[in-house]
Amino acid sequence: MRTNNFEPEEFRFLPDYIPCGIDEAGRGPYAGPLSVALVSFLPETLEKIHSGEILQGLNDSKKLTESKRERLFTEIQETAFTVAHAFLSHTFIDKHGINRAVLEGILKCYRKGSSAPIENTRKNLLLLIDGNYNFSKYKESELLKHKSHYYTKGDSRIASIAAASIIAKVKRDRFMKTIASKFPGYGFESHKGYGSAAHEDAIRNLGMTRIHRRSFTKKFHVSNSSS
């Protein structure tokens, strides 16, 4: 049987905690929202993931084709104990900065995940977060104290984080494809708001849209905007 090559990190915290993977998509684009997701699995489901019985090919979303992400997105929704998701808008990012937006997304997902039908769930949730963040300067981060661990490249090391990366990525990609029709000529359906050459040309030729992050596009010095 094919196995998924993940570290058994979640099992370290069972049964005292419910380990929840968290990841984001859309930190770097010029346009569109930040997408943050949380995913947790029951212990028996984690066993099946690690053995390769289910969610075969699960990995960091950036390493997968779109068709594989879409397949796994559906399978994750069907097999996960908890799936929570949040968008943080371009206006929030411009006002507060990208790291504060990531924190807000984590907190939103944490609150949604805490509503799962388990006694004392809020107390027992433990967040396994992709990245090497330091949120200590934000007073809101107190809620995460003693409830979070951070992992460099966690989306390729830990199953629940990999699953969260796929939820976050697919949700954001679908959003950008949908909104692309409101802004013809920008190609959001293909580059998803990232800084491709085609996207930069569109900004220079057509100006900014209302979903562009002004704090990420200062180099263009474009005063006109597309509604």
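The backbone N, Cα and C atoms fix where each Cβ goes, glycine too.
Database features (TrEMBL):
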DOMAIN    17-227  domain 'RNase H type-2'
BINDING   D23, E24, D130  divalent metal cation binding site
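Each of the binding-site residues D23, E24, D130 was assessed for Cβ neighbours inside 10 Å, and the highest tally belongs to D23. Highlighted in sequence order, I22, A25, V36, A37, I129, G131, G154, D155, I161, A164, S165, A168 have their Cβ within 8 Å of the centre of the Cβ atoms of D23, E24, D130, the residues recorded for divalent metal cation, and are not part of that set.
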